[in-house]
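Residues or ranges marked as domain 'PA' by TrEMBL: 78-155. Taken from TrEMBL, the feature transmembrane segment covers 182-200, 229-252, 258-284, 305-325, 331-351, 358-376, 413-435.
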Amino acid sequence: LVLLVPSSVVFAGDIVHEDDKSPKRPGCDNNFVLVKVPIWIDGEEEMQFVGVGARFGPTLESQEKRANQTTVALADPLDCCSKPKNKLTGEAIMVHRGNCSFVTKANVAEDAGASALLIINNQTDLLKMVCDEHETDLSIGIPIVMLPQDAGESLKRSMATNSHVAIQIYSPKRPLVDVAEVFLWLMAVSTILCASYWSASSAREAAIELLKDDSDFYQKKETHNSSGVIDINATSAICFVVIASCFLIMLYKLMSYVFIEILVVIFCIGGFEGSLTCVVALLSRVRWFESAAESYVTIPFIGHVSYLTLGVAPFCLALSILWGVFRTVSFAWIGQDVLGITLIITVLQIVRVPNLKVGTVLLVCALLYDITWVFLSNLWFHESVMIVVARGDGSGEDGIPMLLKIPRLFDPWGGYSIIGFGDIIIPGLVVSFSLRF
């Protein structure tokens, strides 16, 4: 499960939507872009909505400082299918969707003196505004933006109180590279190095102890897996692609709030185990905790547990539960990354590649898995299956938890840069083997 989403993606949604299915022709060939519409009420910025630009009309301003602040007027009639009764002198006119085409509304609004057209949808979703085949008057010079229904209701309530309502319309561009991606890369590489050196160090220590005790016993141990360690083989690497692909499709088809909740519970359990393993391993090397680490107590159904583990377990459990409960707050990504990193490190202590042949097969299979479900899946499902699953589309959540993520710091649209556990674990297995070898 932790290897399910090995693809690193930008988790913030696309700002520019190139839709080849919608009709295009001169004057009606804009890309669909998301648009920021901040609202000022009596000179104070109160709220901000996100709309979508039309296929027709001028290119929208990309810089906030260059976007004009324009007063908003409500159309009369509301559908703006005929000349408005109210006199316009450069205001942005707000109209309702329906009764005539989008192009007709834009032409009527521009002829009446409006500087921009806000079309309020009749539902909370946004609709792509296209041109009808028979429409020819497409030389429209004012920006056209569709806003969701709740945005229109908020604007109308403010205007009903005789408040002065003004807006800006702009569509900022997303930076090609955000500093968050650099930190995410450093986090991933550091995790691989830490886990790999720890795995190699543990293997060396175990080998030295066995050599001291009995060289013959050491030879026997080398033919079997060490306690708690799983050596994967070439067959397992190939089966990984098949099983992970089936599970990915299941997630894609059954994605829902309940399914995400199940994954959250699984992640919390894994995060608890991972954090407990890492913290106990670190503290056991501190002189003050050596005695507690070497003293054991027998617990029914569990077995022998060190006093150090008993003392640390409540804190690790609390961290996992707190993250699960408050995972929607703005800083919850920190807890998710901590739990995720410790889980990855623990997995790399348990699972290992025995030789270079298996490592090569594993990397090739992972590459094929990535290419298939990130890129080729667009041919079959008309969208990237892995990205849809990573984002948790249709679940009401911010994506599956088996990811490391960092907020995009200099992106005007926000969102997260994310990387799947598989992108860390699979290379980590090979690096760990190289260090042990």
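The backbone N, Cα and C atoms fix where each Cβ goes, glycine too.
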Give me the stretch from 229-252, 258-284, 305-325, 413-435 with the greatest number of Cβ pairs under 8 Å to the transmembrane segment (331-351). 258-284
Let me spell it out: take the transmembrane segment (258-284), skip the flanking residues so only those 6+ beyond its ends count, and list any with a Cβ under 8 Å from a Cβ in it. 1-2, 198, 251, 290, 293, 306, 308-309, 312-313, 315-317, 319-321, 323-324, 327, 338-347, 349, 392, 395-397, 400-402
Leading stretch by Cβ pairs under 8 Å, where the reference is the transmembrane segment (229-252) and the options are 182-200, 305-325, 358-376, 413-435: 358-376
Among the recorded stretches 182-200, 305-325, 358-376, which has the greatest number of Cβ pairs closer than 8 Å to the transmembrane segment (413-435)? 182-200
